[in-house]
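Colleague: Just passing along the structure, written as structure tokens.
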Amino acid sequence: MGSLLSSDSSKSAPASATPRTLERSGDSELPITSFDCSVCLEVLHQPVRTRCGHVFCRSCIATSIKNNNKWTCPYCRAYLPSEGVPATDIAKRMKSEYQNCAECGTLVCLSDMRAHIRTCEKYIDKYGPLLELGDTTARCVCPFCQRELDEDCLLDHCIIHHRSERRPVFCPLCHSRPDESPSTFNGSLIRHLQVSHTLFYDDFIDFDIIEEAIIRRVLDRSLLEYVNQSNTT
């Protein structure tokens, strides 16, 4: 099983459509395996799309890269310049798609399936408690006050304690990206973090920030390819 949905192959359900029930046998237009992560083999949780087009749980792709120490796709082994970006189209569809729990038969919204199987007695009796992959939170040092904290907390920390800072600093998160060198910012590090590193979500997604980040990465990659091509000619 594996989630092979890409941005080209998926179509969002109409907003006015009645939520559809997906049986385990699948739908010819939208096979149920499209919502399964090929790493944990469960319904996707916080789906992330890699550069090669495959979709995984956020924690699964992060843990796979961390444990293997290789920036490659767990499914096709293609090189990955980053962990990917939120598969917002998949996340939207999962909020309107329903499936019967394979163990107890309860009709559950796909976006809530992971929470359901954590408490599903029949699932627990058969497989044991759902085991999430290990904590993948990395640590970093605030470039302004040198305080060590979780990467996920850096943006909130800077907003609370360093909103007015304009000293040129290096972005500590760029160190962890294989295709990025440390960047110095004379302007707002907060804005850089929002655009370049705020890529995951909990209860909601800021689609404007995500779209801006994607556009910026595409433009940066296009410029880099143009420069490399110019240097070789």
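Including glycine, each Cβ sits where the backbone N, Cα and C put it.
Sharing the feature lines straight out of Swiss-Prot:
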- 1-27: region 'Disordered' (REGION)
- 1-17: compositional bias 'Low complexity' (COMPBIAS)
- GLY2: N-myristoyl glycine (LIPID)
- CYS37, CYS40, CYS57, CYS60: Zn(2+) 1 binding site (BINDING)
- CYS52, HIS54, CYS73, CYS76: Zn(2+) 2 binding site (BINDING)
- CYS101, CYS104, HIS116, CYS120: Zn(2+) 3 binding site (BINDING)
- 110-114: region 'Interaction with the RING-type zinc finger' (REGION)
- 121-129: region 'Linker region' (REGION)
- 211-225: region 'Required for interaction with ubiquitin and for autoubiquitination' (REGION)
Colleague: Reduced to three states, what secondary structure does DSSP give CYS57 (Zn(2+) 1 binding site)?
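Modeller: The residue in question, CYS57 (Zn(2+) 1 binding site), is strand (DSSP, three-state).
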Colleague: Of the residues in the region 'Interaction with the RING-type zinc finger' (110-114), how many are helix, strand and coil by DSSP?
Modeller: 5 helix, 0 strand, 0 coil
Colleague: Most Cβ neighbours within 10 Å: which of the binding-site residues HIS54, HIS116 is it?
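Modeller: Selected residue: HIS54.
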Colleague: What is the total of other Cβ atoms whose distance to the Cβ of CYS37 (Zn(2+) 1 binding site) is within 10 Å?
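Modeller: CYS37 (Zn(2+) 1 binding site) is surrounded by 25 other Cβ atoms within 10 Å.
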Colleague: Mean pLDDT over the region 'Linker region' (121-129): what is the value?
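Modeller: In the predicted model, the region 'Linker region' (121-129) has a mean pLDDT of 90.
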Colleague: Within a 10 Å radius around the Cβ, which one of these binding-site residues has the most neighbouring Cβ atoms: CYS40, CYS60, CYS120?
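Modeller: Answer returned by the neighbour count: CYS60.
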Colleague: Give me the long-range Cβ neighbours of CYS101 (Zn(2+) 3 binding site): same chain, 6+ apart, Cβ under 8 Å, in sequence order.
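Modeller: Correct list: LEU107, VAL108, MET113, HIS116, ILE117, CYS120, LYS122, TYR123.
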Colleague: Could you give me three numbers for the region 'Linker region' (121-129), the DSSP helix, strand and coil residue counts?
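Modeller: The composition, in the requested order, is 7 helix, 0 strand, 2 coil.
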Colleague: State the count of C-beta atoms found within 10 angstroms of the C-beta of CYS57 (Zn(2+) 1 binding site), not counting that atom itself.
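Modeller: Its Cβ shell of radius 10 Å holds 25 other Cβ atoms.
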Colleague: Neighbour count, 10 Å Cβ-Cβ cut-off, for CYS73 (Zn(2+) 2 binding site): what number do you get?
Modeller: 21
